[in-house]
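Annotated features, as they stand in TrEMBL:
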- Tyr93: active site, proton donor (ACT_SITE)
- Lys164: active site, proton donor (ACT_SITE)
- Arg146, Asn397, Asn441: (S)-malate binding site (BINDING)
- Glu235, Asp236, Asp259: divalent metal cation binding site (BINDING)
- 70-250: domain 'Malic enzyme N-terminal' (DOMAIN)
- 260-510: domain 'Malic enzyme NAD-binding' (DOMAIN)
Amino acid sequence: MKALRGKTLLNNPAQNKSTAFTREERAHYGLQGLLPYGVTDIHIQQQRVLANLRSKSSDIEKYIYLNGLLERNQRLFYRTLINHIAEIMPLVYTPTVGEACVKLSHIFRKPQGFYLTPEDRGHMLARLENWPETDVRIVVVTDGERILGLGDLGANGMGIPIGKISLYVACAGIAPSQCMPIMLDVGTNNQQLREDPLYLGYPHPRLTGEDYLSLVDEFVEAVQQRFPSAAIQFEDFSSQNAFTLLDRYAGSGRCFNDDIQGTAAVTLAGIYASSRITQKSFADLKIMLLGTGSAATGVAELLVPAFKAAGLSEAEAYSRVSFIDRRGLVTATHALIKPRIRSFVKNLPAADFVTAIATIQPDVLIGATGTAGAFTEAVVREISRYQQHPVIIALSNPTSHTECTAEQAYQWSEGRAIFASGSPFAPVTLHGRTYHPAQGNNVYIYPGIGLGVMVSRARLVIEDMFLAAAKELANCVSVEEIERGSIYPDIVRVRDISHKIAVRVCQVAQQNNLTKMETDLFNNLEASVRELMYEPSY
Ligand SMILES: NC(=O)C1=CN([C@@H]2O[C@H](COP(=O)(O)OP(=O)(O)OC[C@H]3O[C@@H](n4cnc5c(N)ncnc54)[C@H](OP(=O)(O)O)[C@@H]3O)[C@@H](O)[C@H]2O)C=CC1
Ligand SMILES: CC(=O)C(=O)O
Ligand SMILES: [Mg+2]
């Protein structure tokens, strides 16, 4: 690392230690006079960070403060995030990141990540040369069109890749210098944003059709050329583009869509784990999905191989998964069935949501709508009529867009629901009993997938990796967690979980001839992956 000095050193977030510089270092690097007398180690610094953080009166203020810390002292930011992940994750990720994205052009302090617009067409590769790091392994890119359940937030959506990258570092130990958040700013159809004088994005309607696709093509090629070892994670694209881009690039390059594939794996893991609570065999389950977008479709598409692996025929596997859209159960007579869910349609009479529950009697209900309240009291009460322990997974983020709250799920099911949600809920006490909702979020999956792909240098990111990740995550739910009704492990163990998933990803890559890992590395995978994980310290 280049030896910086004086103010330049203090202004470099990767190398700055601030008050932790020792007296010797202060003398050596020309820092005398630039720091107060006291020398405080990273533990004391963390206490100061937490005191500052907890003194803020709103979550958005906490977000701004934490971002400032990241810009001042990367190692202290990540050390504190890792050590206090349960407290801080909701501030750098969902739900607070949702509010931050809505307000991003207003709370903007300092540019983070990398921005590309249609004006960079023909020059993307040259633009990427401006990024100061050369060994990028993980790119998280969004075009801001479907930010959580909040819709088109244009360039304000940059908060998402930044948040996802923070969790790559904290949850999987990928070094900050190897991660790159990118906003592919192709405009926004959010007129309110375009008319906002403080809006910082490309203030034009979104690029569409061939103009859009050719720009993304150039982007992908430029990333692959500039950073040949990088995996590209597509995040929060509109449903239509998400599938189009996945189909376009996943067969020939190292990329995946987190909303489709990461979400599918985390949901499947929750379903596997729920079987341990309900004592039902996974192969017997019926799953009902509300929503027919990226997340719900991804879940359905991964359930098929999971059911087949559990011994079901293809037809049986499809029969176990039903979709509900705004008009009710998706049946064969439905107008305009989306091509990807055609195989899941049911030969049943048209039915609204509640009637469909009565007819099908699903064991598991999954919401991926981005619509608050989509799981109504009638819906939860109906599934609770047929299931002793209905499994209810309200995936939508942020909290303000959840299909139902934890309290509603427990109340309406008379305390019998097994509940998980995309954004975290605090424990709920009802009639003297405390329930522990789990967080069903792709943060349990994508960091481990990325780490495994990085270590193995797999050429492609394949479905088997997500299936293996789901199994691994489900196995990580402890007996105590199962006993208290949680279908996901405590988030404090996420680094260990990511490590385990990464090991499985390496094995899947090797088994599928997607890589040629050195024998030494492959034979000592657990230790090798652990060793490669970044630990922030001075
Ligand atoms: N927990 C997690 O890890 C993840 C959570 N998510 C969350 O899931 C949500 C959906 O994401 P995604 O699938 O990518 O979004 P999409 O826009 O692709 O899909 C949303 C789907 O929900 C449907 N929908 C909306 N409201 C209703 C309703 N009231 N009744 C029935 N259907 C409805 C939409 O239908 P229509 O087309 O008719 O509007 C569309 O099919 C978001 O809130 C996102 O934050 C996503 C990824 C990961
Ligand atoms: C978690 C996530 O990826 C989403 O809500 O889009
Ligand atoms: Mg997402």
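Just so you know, glycine gets a Cβ as well, placed from its N, Cα and C.
Positions of TrEMBL features highlighted on the structure.
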residue: Tyr93; record: active site, proton donor; Cβ neighbours (10 Å): 27
residue: Arg146; record: (S)-malate binding site; Cβ neighbours (10 Å): 26
residue: Lys164; record: active site, proton donor; Cβ neighbours (10 Å): 28
residue: Glu235; record: divalent metal cation binding site; Cβ neighbours (10 Å): 26
residue: Asp236; record: divalent metal cation binding site; Cβ neighbours (10 Å): 25
residue: Asp259; record: divalent metal cation binding site; Cβ neighbours (10 Å): 28
residue: Asn397; record: (S)-malate binding site; Cβ neighbours (10 Å): 24
residue: Asn441; record: (S)-malate binding site; Cβ neighbours (10 Å): 25
Integer Cα-Cα distance in angstrom, Asp236 (divalent metal cation binding site) to Arg146 ((S)-malate binding site): 5
Shell list (divalent metal cation; ref centroid = CB of Glu235, Asp236, Asp259; cutoff 8 A): Thr142, Arg146, Ile160, Phe234, Phe237, Ala242, Asn257, Asp258, Ser294
Close-lying recorded positions around ligand 1 among Tyr93, Lys164, Glu235, Asp236, Asn441, where CB distance stays under 6 Å: Asn441
Neighbours of Tyr93 (active site, proton donor) among the recorded positions Arg146, Lys164, Glu235, Asp259 (Cα to Cα, within 10 Å): Lys164
Where Lys164 (active site, proton donor) falls in three-state DSSP terms: helix
Those recorded positions in Arg146, Lys164, Asp236, Asp259, Asn441 whose CB falls under 6 A of ligand 3, listed in sequence order: Asp236, Asp259
Recorded positions close to ligand 2 - of Tyr93, Arg146, Lys164, Asn397, only those whose C-beta is under 6 Å away: Asn397
Integer Cα-Cα distance in angstrom, Asn397 ((S)-malate binding site) to Lys164 (active site, proton donor): 14
Cα separation, Arg146 ((S)-malate binding site) to Lys164 (active site, proton donor) (Å, whole number): 15
Residue pair Glu235 (divalent metal cation binding site), Arg146 ((S)-malate binding site) - Cα distance, angstrom, rounded: 9
